[in-house]
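Asker: The structure that follows is given in the form of structure tokens.
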Amino acid sequence: MPLISDLLALCKLKVVALILFTAVVGMFLAVPAPYLPNGLLVLSASIGISMVAASAAVFNHVVDEQIDAQMSRTNQRPLPQGRVSKNQALVWGVFLGFIGLGILQLFVNIITVVLTFISLIGYTIVYTLYLKRATPQNIVIGGAAGATPPVLGWTAVSGTQGIEYACLLFLIVFIWTPPHFWALAIYRVEEYKKIDMPMLPVTHGLAYTRTQILLYTVLLLLVSLLPYLSGMSGLIYLVITIALGVRFLVYAIKIYNNPDDKMVAWSTFMYSINYLMLLFIALLFDHYWLISPWEIL
């Protein structure tokens, strides 16, 4: 029997935590201030979305077992080390996905079930099985699956009401994904070359990738203004998102100007995670900041 710690390692809990965070923010933004979403609904949706996200991570481990065994970043994972068999991982992944979708069906709503299932298929089959090995645009196209959590959170609480605002959150995460992963790909480019993975730095070179990171970061700065321009968010969000975006742009320029410095790429990758978290915190803070605690209660 595999250890619980190994089964949890297959779930990529840190990634799931970021997914859950953006989904929960989507839940709160779906409700007009000063109101809060139903607590049981938030809990049920959070558990269901998290379990399906963990299921997708497990399937990713199964599909990428041979690749993981060849990379220093991943060769200590449970499957390459033989601590969990492929069949055990498959059963674990199916269990998580089935229970997660079941919770969403029983306690949330059908549209969230459908969108979550589409995201699961998009990540595990379209991205992991095909795009990841077929095209250097794998991150761009496959990023759609990873950008859905805020939409899932929104629909869990409000269905399709106001879903156009949820689509703005989707767009932000979608545009954020390429510079986030390409920065990591630059840092790990030699390993990707070793396994012949068609990541952008491998197929098109570092210079082209650095340019794409810069262009996508500029686009992200512009797209992040849409919640303000659409009336979804206010000045507090606008100020914070501009500050975060300019800082991200500084990192992108550093990558562009320092082609041989892998640590700049790593620093950019790490900042991109903080960027997304802080941007969603800004959305939430702006949503409630004029409301007194007594109004919320």
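Backbone N, Cα and C define each Cβ position, glycine as well.
In case it's useful when we look at the structure, here is the feature table from Swiss-Prot:
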- 15-35: transmembrane segment (TRANSMEM)
- 39-59: transmembrane segment (TRANSMEM)
- 91-111: transmembrane segment (TRANSMEM)
- 112-132: transmembrane segment (TRANSMEM)
- 139-159: transmembrane segment (TRANSMEM)
- 166-186: transmembrane segment (TRANSMEM)
- 220-240: transmembrane segment (TRANSMEM)
- 265-285: transmembrane segment (TRANSMEM)
Asker: Determine whether the transmembrane segment (39-59) and the transmembrane segment (139-159) share at least three Cβ pairs under 8 Å, counting only pairs 6 or more apart in sequence.
Answerer: yes
Asker: Using Cβ atoms and a strict cutoff of less than 8 Å, what residues sit near the transmembrane segment (220-240) while being 6 or more residues removed from its termini?
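Answerer: Sequence-remote neighbours of the transmembrane segment (220-240) are 29, 164-165, 168-169, 171-172, 175-176, 179, 246, 248-249, 278-279, 282-283, 285-287, 289.
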Asker: Taking residues 6+ outside the transmembrane segment (91-111), which of them lie with a CB under 8 Å of any CB in it?
Answerer: 7, 10-11, 40-41, 44-45, 47-56, 58-59, 62, 84, 117, 120, 155-156, 159-160
Asker: So which of 15-35, 112-132, 139-159 has the most C-beta pairs under 8 Å when paired with the transmembrane segment (265-285)?
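Answerer: Answer, by Cβ pair count: 15-35.
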Asker: Which sequence-distant residues neighbour the transmembrane segment (112-132)? Criterion: at least 6 residues beyond either end, Cβ under 8 Å.
Answerer: 45, 48-49, 52, 55-56, 59-60, 63-64, 97, 100-101, 104-105, 138, 141-142, 144-146, 148-149, 151-152, 155-156, 197
Asker: For the transmembrane segment (15-35), could you work out the same-chain residues 6 or more beyond its ends whose Cβ comes under 8 Å from its Cβ atoms?
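Answerer: Same-chain contacts beyond the ends: 41-42, 45-46, 49-50, 53-54, 57, 146, 149-158, 161-162, 165-166, 169, 173, 232, 273, 276-277, 280-281, 283-284, 287-288, 290-292, 295-296.
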